[in-house]
Amino acid sequence: LKPEMEKQYAVARPVYSEDSFAEDHEKVHRVRKTMLDHLKECVTCDSTRAKKAVLSLLPIIGWMRIYRVKEWLLGDVVSGISTGLVAIMQGLAFSMLASLPPSYGLYTAFFPMLTYFFLGSSRHISIGSFPVLSLMIGAVVTRLVPDGGPSANFPGFEGLNMTQQRVLVASSVTFLTGIFQLAMGLLQVGFIVIYLSDTLVSGFTTAAAVHILVSQLKFVLGLVVPGISGPLSIIYTLEKIFVQITSTNICDLVMSIIIMVIVFIVKEMNDMYKAKLPVPIPIEVTVIACGTSYGLNFKDRYGVDIVGKMVSGYEAPIAPDMDVFKDSAVEAFPIAIVGFAVAFSVAKVYSIKHDYAIDGNQELIAFGVSNIFGASFRSFAASTALSRTAVQESSGGRTQIAGLISAMMAMIVTVALGFLLEPLPTSVLGALVIVNLKGMLMQFREIPYLWRRDKPECVVWVGTCLGAILLGLDIGLAVGLGLELLTVIFRAQFPRCSVLANIPGTDLYRDRKDYLNIVEPTGVKIFRIPSPIFFANIEFFKDKLVEAVGFNPLRVLRKRNKAFRKIEKLLNLFSKPTDDSDMNMKDLPADLKDLPFRVDWNAELAGNIGVPRVDIHSLILDFSAVSFLDISALKGLKMVLKDFIRIDVDVYIVSCDVYIIEKLHSCMFFDDDVQTSIFFPTLHDAMLHVLGKHKGKIKGMVSCFEMLFGKSLLKFIV
């Protein structure tokens, strides 16, 4: 025998119904808090609550108190330098996705980190530009300030050139994004991220990677392609690229291919030997050196586009534009959600790995304040990039001191070393962006896995991805949420109901279709519905129950009423109707329990009387997976129970949640027909009760009417 089969247990106890269990075991009466009580708790303040609120609002206090200088500081410094190199290059590259000059990417690598350092609850994520958010910001920028057409007619655009207008749009959208995130954090709605499933996020980011890839082709090929936004923008962009494909700048193309090959090889080596390498090889240094060395004369010799004039130092803060607020609110909200969802999911991975807690609401506040602060200094929406965070963690980073050092490196480049990046070809940045898309593009491999394991999830992935590719990222996210909601509705509205049977020698009951050696007691049907019962699936519940038992109780009752009229006529042939009995039946179904005799409805009746057979005497409903019932379901369930009871089928409900039973009492569910005695704590309790009740029951009864009516009617009167 297997070790687990050798262990056995035996329990001797009475067969309980819910009523008898309540009699034997006294229940604790709990006083539930009212809304007023909860409100008082929220507004009541003492020293403990104040201390907890401060520690929650400023997580830096918590980890600074336990900071181990000798053990952690060197790792944070090395990590900060390594991450800073990556952040600088990604900032330059991702700013082009936002349709902004590269220097503004360095702003995003600096300002948001300053506030997240104090307010963020994650110790490992690297704050800065993220390609998906950059692309979403770029869609708004190119819509309001297009390449080949007039800008939006906003008063705030007067006197500004195109670059300044685009910077104003990007910073205003980022400011509004921060407001949304801060508001959600203050309202404690960080749970909203749970509605973005891993499948949806995977499909969405894959679609974003496709958009990013297409947007970078013009830099890699050295073509002039205006930015296009809106539905089918990716199709129009590809059309313009292929129309100009013969004008490809060979120097840009060759340089991009070389850079992509080198960066890809080094990144693969970093992944392959990450256990042996103390610090990942900083390939971005090689890219900078390559771009600076070979790009000195490329602009004049081969017409290569370069980064150009870098903004030296920092400009004065600017106020957001209210007209941009009004025009981009619909797009800013998805940016806020996506930025938070991606950052929180990455932060959760590393918090579990390093055993510390993160707070979703505090992360919303941190990102909200960071984006508001950064937008005031012309940065665009910040989140985290998985590759950059992986570098920060794998190179020894323990706290956000590493993030602060990486931000300082971006500041040094902005203030003093920006001129070194001016001759860097934009095709090099485009190649760097494309190489960094590998992880997101490889998510296409999830499609066959999802199709084999969970087809509705696969539909969500494919629908989200296609919707975001063809309709745009904002509409695509809405499509994904709609599909996800539909799958939830589908699973709840059409659950996989089953008929259970007993595993011999045990108190276990399983789906009768799944096992060979399984016993279904004669005359008993056990039906299980594995979902809540509510207005949308109550009819499905009724249909599946009828399918499981093999007959419709309402139809059986109507047939019996009609048959009884015929029996009444036959009986009247043998005896005179008395004044005491009223055998007139209505067309509507009636309860036949109060008749002066019993009829065996499963017998072969005389006089061409046909009634559907009812082969069960007991029906057990397993409610162990039913988490709630609404009012519509209560009404429908009560009608179903009464229909079965009227045709002499006993109905029992087992494993029902105690709060559902309390709701049934409060909604006046019980009456003379449906009583509390039909509820049992376990399925086996109900089965033992049924077997005990029907043990030794005589099938077929001799009627006392034989003396009056003779044996000819005994074939249908019992």
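Count begins at 1; order follows the chain as displayed.
Heads up, the Cβ atoms here are built off N, Cα and C, so glycines get one too.
Here is what TrEMBL records for this protein:
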- 73-98: transmembrane segment (TRANSMEM)
- 104-120: transmembrane segment (TRANSMEM)
- 127-146: transmembrane segment (TRANSMEM)
- 166-196: transmembrane segment (TRANSMEM)
- 241-266: transmembrane segment (TRANSMEM)
- 332-352: transmembrane segment (TRANSMEM)
- 364-381: transmembrane segment (TRANSMEM)
- 401-421: transmembrane segment (TRANSMEM)
- 459-483: transmembrane segment (TRANSMEM)
- 514-690: domain 'STAS' (DOMAIN)
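Per-residue pLDDT, averaged over the domain 'STAS' (514-690), rounds to 82.
Beyond the transmembrane segment (241-266), the same-chain residues lying 6 or more positions past its ends with a Cβ under 8 Å from any Cβ of the stretch are 214, 217-225, 281, 283, 286-287, 290, 294, 298, 302-305, 425, 427-428, 430-432, 434-435, 438.
For the transmembrane segment (459-483), the list of distant contacts is 132, 135-136, 139, 195-197, 199-200, 202-204, 206-208, 210-211, 229-235, 330-331, 334, 337-338, 446-447, 450: same-chain residues at least six beyond its ends, Cβ to Cβ under 8 Å. Most Cβ pairs under 8 Å with the transmembrane segment (166-196) belong to 332-352, among the candidate stretches 73-98, 332-352, 401-421. Listed as Cβ neighbours of the transmembrane segment (401-421) (distance under 8 Å, sequence separation of 6 or more from its ends, same chain) are residues 72-73, 75-77, 79-81, 83-85, 87-88, 91-92, 102-103, 106-107, 109-110, 113-114, 116-117, 125-127, 288, 291-292, 307, 310-314, 392. Here the transmembrane segment (73-98) has Cβ contacts under 8 Å with residues 104-109, 126, 128-131, 134-135, 137-138, 141, 170, 212, 215-216, 219, 279-280, 282, 284-285, 287-288, 307, 380, 385, 387-388, 391-393, 395-399, 401-410, 413, 421, 424, 426, 429-430, 432-433, 436 of the same chain, all six or more residues outside its ends.
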